[in-house]
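K.L.:
To start, I am sharing the structure in question, which I have written as structure tokens.
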Amino acid sequence: MVDALNLGRRLRVRSTAYVASELVPFFWPMRNFISRNPLRRLESMPFEQAVRRGAALFHARMFLPRGDYQRWRREGKVRPETLDEEIGRRSQDLPPVPGVDWPRWLHALMQTPHDRDAVVRGVRAKDVHAALRGHPPSAQAVDVAALLPELEQRLHARTLPEAVDALWGTGLADELDDLVIKSYLDFFDEDQSAWRMPGRERGLFSAWSEVTRRNARMVLRRLHVRHILDHVQDAESAVVYVMEEMGIGAEAWPTYFTRVLTRLHGWTGFVRWRASAKHYYWAQQYPADIVDLLAIRLVMGLALLQESARHRGTPMRRDDLGAVVRERGAECVLRYALHSGEVLPDWAQRIDDTLSRGNGARCHDLLQRYWPLWQARLGQQQAAALRELAAAANATAALDALAPEDVEGLLQGLRDFAPQEGMVWTLAMEGQAIDKLLTQVQAPQDPPPDKRPFAQALFCIDVRAEPIRRHLERVGNYQTFGIAGFFGVPVGFLGYGKGSESHYCPAVITPKNLVLELPAALDPHNEDFVSTLGHVLHDLKKSVLSPYVTVEAVGMLFGLDLFGKTLAPLGYSRWRRRIDTEKPVTRLLVDKLSREQADSIIRTLQRAMIVKALHTELKIERERVDSGIIRELREIALRRRDGPTRLRTTFGVPQTQETEFIDKLRQVYGVDADYTNHQLERLGRIGYSLDEQVNYVHTALTMIGLTQTFSRFVLVVGHGGKTENNPYESALDCGACGGASGIVNARVFAQMANKAAVRERLAAMGITIPEDTWFMPALHVTTTDAIELFDLDLLPPRHLVYLERLRNSLRAASRLTAAERMPKLLPEAKALEPAEALRLANRLAVDWAQVRPEWGLSGNVYGIVGRRALTENSDLQGSAFLLSYDWRCDPRGRLLENLLTGPVVVGQWINLEYFFSTVDNSRLGSGSKVYHNVSGRFGVMTGSLSDLRTGLPMQTVMREGRPYHEPMRLIALIEAPLDFAGRVLERVVKVKSLVLGGWIRAIVIDPTQGYKPFVFNNGQWEERTPLIAPAEKEYSA
């Protein structure tokens, strides 16, 4: 066994592993899908540099194939001027080549109809020159030593199992993936599987080690994992032992760890998040961190290397591998060619036969004959590509005149431009999108201050709100606003019947306050309320099914679900809702508890625990105990008085047993002074103080510019999706609410805003809300386009006469939105009437066979921070996050700071989640839903074993194999004076970095300069033509 690690070495292992893993972004559980930029940990770099680093890190492509951009160019979605500007600018950095007009050649390259690389990998300029001249292949002897540095570099960039695979085709890395994924599933399972790894409470590595030592499957597989584990004590020592056994020095650990942890980046991201989520129940019960993950993979990798060394003679140390390459160079070159697929088809069998004989001289002879033919073939392929390119550039004569050294310059220039081409296309698409936006926005006009809209509505900034806002405004006298869907109120929520707290706020925020959902029949001032709340706080159990429902009955019901939701989804859904138990009308406990209420709750809870303890420990039933004995036991347990108790005189309990019972009350049942203080702290989280409520409502209303002319109805509209058989259902919910429905936050905010005490304080702060204004929570169901109203039983009677008019308008907006949305899902739906389109939307939402009930946020490209009047006359086709903001209400820029650091940054995460899920759906997205399996109730895998799929499914961003989402970076438009916006950006370091680094494209529309737009491009603000003023709008009562 190795010596125990000292503190310094232990910290070095942990710190190196943590730094290596930080390149992988967090991955949240699927039930709360959180959009994130897959390259978020590279945001300190300029975007164009980051995508190159990301391509190498995740082995993914960062831009689409050329053909997709060419199609969009034909459709007018690519700005030609930007193409010319970018090609011209980048041509200046390419090596000068006689007779080569780089802009002309690059334009020709971007117009070629295929997507293959412009330069063939591994080609030599002299072979290309010979092929262009029609000369035969070189007869010069192959210098094997000259081929080895590149081979060694390629092998060094891999982990040791991957390097062995590259030379021997052993498949160790794939087998290693399967082995560790099985272990991860057994440990991280959240009660989905019938079997879970024992001993999980000790931590991942400890539990895995114990199970693996007894795993017969490992013995049958001839993996001596137990022998390795006998040499280590914990995860840190395992890492050190394996790295030493593989001959990898500490200076190489950071790069090696990064390669190990990014191979299954979904699992790495999940473990990183889980280890940081202190509130997460499963992490509290069964801890795991990135060092555990790393150690398991290293130990299993070493076991596979040892097994391969015993049976195949492959090396198991990095230095041994290097020695093999140097000593058996010709053999290794041939091995790499064969197993990488970079081999002439006619020679593959011949190479394989020679390698199987293991004769070094034969390998050397074969390489001397094969390698010139291989290089000649590459030269011929490259020459053909250059001739095609030269013909397109009308430069055939220039190509024919190139000397060998000029051919090398041409190839180098094409190599240099290759990773830039996707960026050029993206910039040109963004340029066209910016031009399009600036033709749609108009100089805003404020509505007359004395004209009161029939209703106002606060919607989430989500792009799916744009169509229904537009239609609602056009069916009647409605005014809409955009605000982050948690309405600025972070909510910790304990729902009715739920067993754990959920967070309804952006993922980067941890709520301080807890809101309870309780049946409306409970009165906060009576004993039933106190008793129920005490039970909720003590024993947070989730009742899924009543105990008397048999497994067989559940199975039959599920069978009915599968049948009904697939063959007759809409009718079945209605029937199922009728037989399901109705959730009672509920209220949210939003106000802080008084000290008297908190004391009463704890007192009731402690009395209940004493009764339970009497029954469990002393077999004394409740009916034999009066309240005096319970009160006496409680006082003694809390050390407020001394014994003895009536347990001795009434029940004959011996003194020693009585003492033991009192100790158990304190230590086991929580009837203790210290635990009472802890419970008081927990109860202190419940609800919001009046000051907090005033602050939240004031900030939200001021931020969106709703400070006067309040309507009779102010709808607070959260949003969420309702689908069936969809592991990605939470991806359709509100990102600002932590991947959950926004109705909880809407109800909380409305309850605050309707409170008389809050309004009284707001009036003193300059915001007077009329007595007849009622804030009403609602839910925009994005999969059905419906807007559902909540808490109608609280609606003042005088508002009931207007309710039907409101509902009619909402229904009309829903039908019009469905008629706009359905043809995007199903082209054959173009001819549907609005009412038919709405019925179709409802059917798709409950159809188990439907893999795409909506497009989600596909098409998002704009983030508009300003008054709604900028865009209210524009059809933005669901492409814009609309954030209401009035700079005139924000003299110090604090509100704009909050918008930039919150919603704009979250919008950028969402935007880049869609961007990268589109450009490489297999690596950065999650592939097709058809092959998805829910794993452990926290993630999705492709098939039975794979990396956790972290991005968006193919059906969300692709249609019929082509991109539906058009990948562009977020274009953020701010309505504010340029100098004012500039000062705010300077203060918000994170957003300033994103703008300067090109992660966000910025536009400022300056109302003090005649609404002149300024576009940030290449490090400076470029002026554009001022906006036009809209036609005069009529306002009806």
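Keep in mind that glycine also has a Cβ here, set from the backbone N, Cα and C atoms.
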K.L.:
According to Swiss-Prot, C460, D462, C734 bind Zn(2+); which one of H698, H719 is annotated to that same site?
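P.N.:
Same Zn(2+) site in Swiss-Prot: H719.
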K.L.:
Work out the three-state DSSP category of D462 (Zn(2+) binding site).
P.N.:
coil
K.L.:
I want to verify one value. Collapsing DSSP to three states, which class is H719 (Zn(2+) binding site)?
P.N.:
strand
K.L.:
Would you count the other C-beta atoms found within 10 angstroms of the C-beta of H719 (Zn(2+) binding site) for me?
P.N.:
26
K.L.:
What are the sequence-distant neighbours of C734 (Zn(2+) binding site), meaning same chain, six or more residues apart, C-beta distance under 8 angstroms?
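P.N.:
For C734 (Zn(2+) binding site), the qualifying residues are C460, D462, G485, F486, G718, H719, G720, A740, S741, G742.
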K.L.:
What is the total of other Cβ atoms whose distance to the Cβ of D462 (Zn(2+) binding site) is within 10 Å?
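P.N.:
Its Cβ has 26 other Cβ atoms within 10 Å.
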K.L.:
Using the Cβ center of C460, D462, H719, C734 as the Zn(2+) site position, which other residues in that chain lie within 8 Å, going by their Cβ?
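P.N.:
Along the chain, the qualifying residues are F459, I461, R464, A465, G485, G718, G720, D733, G735, A736, C737, G742, H780, T782.
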